[in-house]
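Straight from TrEMBL, the features:
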TRANSMEM  12-32  transmembrane segment
DOMAIN    16-465  domain 'Major facilitator superfamily (MFS) profile'
TRANSMEM  52-73  transmembrane segment
TRANSMEM  85-102  transmembrane segment
TRANSMEM  114-132  transmembrane segment
TRANSMEM  144-164  transmembrane segment
TRANSMEM  176-195  transmembrane segment
TRANSMEM  270-291  transmembrane segment
TRANSMEM  303-320  transmembrane segment
TRANSMEM  327-349  transmembrane segment
TRANSMEM  377-400  transmembrane segment
TRANSMEM  412-430  transmembrane segment
TRANSMEM  442-461  transmembrane segment
Amino acid sequence: MGLGLKLPTIYNVQLVAIIATLGGALFGFDISSMSAIVVTDQYLTYFNNPHGIIQGAIGSALAAGSVVGSAIAGPLSDKIGRRDSIFFACFFWLIGTSVQVACKNYGQLIAGRVLNGFTVGITSSQVPVYLAEIAKAEKRGSLVIIQQLAIEFGILIMYFIGYGCASIEGTASFRTAWGIQFIPCFFLMIGLPFLPRSPRWLAKVGRDQEAIAVLANIQADGNVDDPRVVAEWEEIVTVMNAEREAGKGWRKFVKNGMWKRTMAGMTVQAWQQLAGANVIVYYLTYIAQMAGLTGNVAMVTSGIQYAVFIIFTGVMWLFIDKTGRRTLLVYGALGMAFCHFVVGGVMGAHHDNVPEGVGGNANIVISVHKGAPANTVILFSYLLIVVYALTLAPVCWIYAAEVWSLGTRATGMSMAAMSNWVFNFALGMFTPPAFVNITWKLFIIFGVLCVTAAVWFWLFYPETCGKTLEEIEILFGDQGPKPWKTKKGESRLTAEIEAVKARKTVEHEIEVHEHEKV
């Protein structure tokens with residue numbers, strides 16, 4: 001990492017992905033470091049029962065920092081590289097976690113979460129870029145989805161750590177839970193120096209020999225003459241030269257059809273938030289209490305949700321590159337809409353108002369009738385998470401990492417992540433007051449937004465599954481097909497590999513013929 005030390009490099013892409021996606025685990029840890037804590041007596045007593053806009057500010061502080069982090073992530077990544085920008089971000093995580101552990105009021109807690117958010121803004125945008133740039137086209141989805149799995153494992157592990165820490169008396173309860181956030185960052189910082197740099201970033205900055213060597217080590221066990229390596233390198237160079245002619249500055253995000261890709265990358269991340277699943281992820285403890293579940297039962301019920309999240313994302317990991325991105329986005333949004341409508345409808349038809357707050361929690365002002373209504377709310381909250389885990393949760397990150405050109409990828413992905421975090425922040429501020437002011441109608445709003453998202457996906461997003469990053473250039477070009485007429489696979493890289501093989505065969509025959517002449 002710039003210290004003059006020559007460390008061994010890991011080229012197994014699965015292992016590389018596992019190490020890199022510890023950046024996702026940071027995100028997951030920070031999410032559930034609050035989820036399990038916000039309903040504990042220790043937290044409510046020490047911070048004077050924060051609710052409404054104050055709890056919204058605490059919850060959305062991570063997103064506020066992430067907006068800033070994602071805004072600088074692109075230029076930083078283009079300057080020092082994908083890998084090193086992730087390493088740089090880790091220092092802010094260490095500082096932010098220290099502030100949270102030592103905080104004396106909610107203002108300091110917010111400040112610490114903003115600093116952690118700065119880290120998450122960089123890692124959430126650049127880890128998918130890094131993984132997309134080292135992966136084979138036919139395996140890119142399954143590699144990038146490891147990022148989503150890391151987020152979910154981070155959520156699950158930290159949630160039950162927080163649940164366990166809830167039994168500790170006094171402020172040591174939440175301080176211990178928050179202090180454990182140092183651990184994944186420590187392992188990430190140890191592992192990063194052993195990872196290769198992105199071959200596409202190396203090509204972008206003129207380090208061609210290093211780029212070819214990395215590409216060969218990842219794709220063909222170090223054989224730089226392998227037809228696949230030759231074909232992919234030629235495609236990278238061709239696209240890179242075309243992009244250099246396209247100009248610099250903000251215009252490269254709108255010229256020559258790039259506006260379509262900018263729109264797709266930013267809106268897919270916005271829709272992931274507007275679909276409303278994170279209301280369930282962040283606040284299922286509130287929904288469980290509305291449904292009459294209290295104490296350990298409510299906590300465990302909420303924790304099971306995170307296990308369900310991991311299981312179904314793991315299932316999708318096996319099939320993500322066999323199923324089109326468009327299919328998962330459209331049907332996922334419609335499935336989530338149905339779940340939102342059921343939860344909101346049942347809550348609206350079967351509840352009692354509790355102005356003083358359920359269990360004294362001022363954020364929860366309705367109680368769902370016990371029996372079938374309460375069970376239905378919990379069941380469809382779980383079902384919504386299942387649909388989300390199979391579709392929008394992984395696919396929105398994969399799609400956003402795929403749509404950019406080489407010259408715009410780092411900054412473009414940071415713009416996409418910034419879009420995600422702006423809406424995350426807005427919803428984080430909106431949700432706790434919404435639970436108080438519009439209660440069940442919140443879920444109806446998200447249901448309508450999910451239907452709108454499905455229509456948007458069908459109209460504007462071409463299929464990218466199975467295409468090389470360079471081929472995706474064509475899909476978004478002026479001569480590209482209509483999005484609803486695109487299909488997965490059909491990569492031209494296979495044909496280019498065969499062309500390289502044929503060319504090498506001809507060259508070999510010419511060499512043999514010339515040798516025989518001599």
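Backbone N, Cα and C define each Cβ position, glycine as well.
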Long-range environment of the transmembrane segment (114-132) - Cβ separation under 8 angstroms, sequence gap at least 6:
17, 20-21, 23-24, 26-27, 30, 61-74, 76-77, 82-83, 85-86, 88-90, 92-93, 95-97, 99-100, 140, 143-144, 146-147, 181, 185, 198, 397-398, 400-402, 409-410, 413-414, 416-418, 420-421, 469
Give me the mean pLDDT over the domain 'Major facilitator superfamily (MFS) profile' (16-465), rounded to a whole number.
86
Counting Cβ pairs under 8 Å that are 6 or more apart in sequence, does the total for the transmembrane segment (176-195) and the transmembrane segment (144-164) reach three or more?
yes
With Cβ-Cβ distances below 8 Å as the criterion, list the same-chain residues six or more beyond the ends of the transmembrane segment (85-102) that contact it, or say none.
1, 20, 23, 26, 65, 69, 73, 76-77, 108-109, 111-119, 121-123, 126-127, 130, 175, 178-179, 181-182, 185, 188-189, 192-193
